[in-house]
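If you check TrEMBL, you get these features:
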type: BINDING; residues: A:98, A:138, A:143, A:144, A:145, A:146, A:147, A:148, A:149, A:181, A:204, A:255, A:256; note: ATP binding site
type: DOMAIN; residues: A:102-285; note: domain 'ATP-grasp'
């Protein structure tokens, strides 16, 4: 079985590594000749819009998936004419646009912050009148890791914010009062089997995920599962879906979803029965899903901008090192470390060491 | 860091897969163009004696290891002139020859079956007189998976046995009365740190390992650790060392050792904190060793000659599938399945299903 992946970064790399034991070989399409998945996957070097490259992928792959949301829609359509593409393109289309994503959440009864679509400076002013301040203005598409968004604290900031986003179609979001950010990584098989990983609690710095933790049973587990489950069913989903949520005094509020394996699920490599990467492949390949239960207490720290030495990390009890084989660059995710410990206390102690070794370099 | 590996079979493949997260890339030297490690490693296609190939390996690797015992000694010497080679060549030389291996055990006070070196038909007759029957006559070198050995039950069988072994230098071994076969996978780092995996209990069929189990604390754990520990120290060992043992009424008796990652340690991929493959790389790369403790109850069944369908295996609760990417052929190890279960009962139930799916095809 050959699984094609659009994108050859670290998510594709970890998928490819998880594939070989299953007898699944991955083929990535990525324009970068040094795409870091190449060490464990075949690599078609080509643009995501390049027809000959897409046709080559069709010839070699049995099924196609992707590691990022911003896959060009015409490319997905071309692939879909020849092969199954999972997760389904509707999930891709809806999640790529913050407006349609929030409308989907709302339609399914999943709580969201108040939001208004804005497509002009004037509309942004009116939206601020309607929602009040502070509020976040975000481009509808192509935002990630804190990019493509501006926090508005006063009306005077409106013109600069609009200019900073380049006048692209945008959305104004009211501000949620939340105590913490959590996420749930959910999955659905081709046969309709559904499973959920334990919720993880996430800490961002300047919009980039710094670290995630999954320890004792989370009081919001069931609530998060209900939300993610309704999305999986509504979309006829196949593969891993991550849902980021705010924990507020009035319950969970959905922030955004990602139709792919997710940074807040990296701890599952050591911390769960079967990792999100293997389970994503099992799902898209039509195999039975694997055990998502947590083994011990796990946490993950991203290596951003610079990676600590292996030796220093591996001296921490119960630690694991994940290099992505990427050159260091400020703000770039180039690896992560995981602690998978027998107790919450030893996890928290290990994470403290690990965070000291791996400060976020923007 | 680049680790060179002599041999590009499934052991090298699993080493290479374990290397990427550590930032370690493997380069295998193997004469077979389709050596199955190539999916995750660079591959120098060349004979193990081929000087230009060995020189190429020297140029790209920082350290060299191997996946099988029968590496030609001159090749190891050539490599050692330029690079560290781990495990040390003395371990390779001693374990390659059943006679020197048994002498090493005896010198360290590790119990062995009675044995006599034989290099002629006459010497074999005398050895049978000395040890009695039944006894096993084995070639000193190049035997594996039940090959290169003959069971002698009567004196009449002596000439045929000698002929079957081609008149090669041999060893006659007395017969041990044992209740079970166990093995211990041990390791030592470049810094001299020593660790042991929990003992596993192994079941062979016709000399080939069929399945292994590691469940509750084994009453022979400490005894096995003492034996393996004395070998590690004596050899100034670096890397994984497997020691196969017979459990007899008078204690453990050493059968043989393997200076490499070992089939009876495959369950550690899911069943231990850090797998034998990752720990071997950590050791040879000079990194701290990882947690060898058992998580849950684990067992492994080899896929020999034919591999069961992924779907059938993955339906078994707590199961994992390991394809080696090799073409099926009678008697060939082409994959394995692992059960890593929360209880001994569910492990044994899972193993029973798995063994039914994966009968040994010779």
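Just so you know, glycine gets a Cβ as well, placed from its N, Cα and C.
All TrEMBL annotations are machine predictions without curation.
Under the DSSP three-state reduction, residue A:147 (ATP binding site) is assigned to coil, being neither helix nor strand. Taken residue by residue with DSSP, residue A:98 (ATP binding site) is part of a helix. Within 10 Å of the C-beta atom of residue A:149 (ATP binding site) sit 19 other C-beta atoms, taking all shown protein chains into account. Long-range neighbours of residue A:256 (ATP binding site) (same chain, six or more residues apart, CB within less than 8 Å of its CB): A:95, A:98, A:101, A:243, A:244.
For the binding-site residues A:147, A:204, the ranking by surrounding Cβ atoms (within 10 Å, all protein chains) places A:204 first. Cβ-based neighbour count (10 Å, all protein chains) for residue A:98 (ATP binding site) stands at 24.
Residue A:256 (ATP binding site) falls within a strand when secondary structure is assigned with DSSP.
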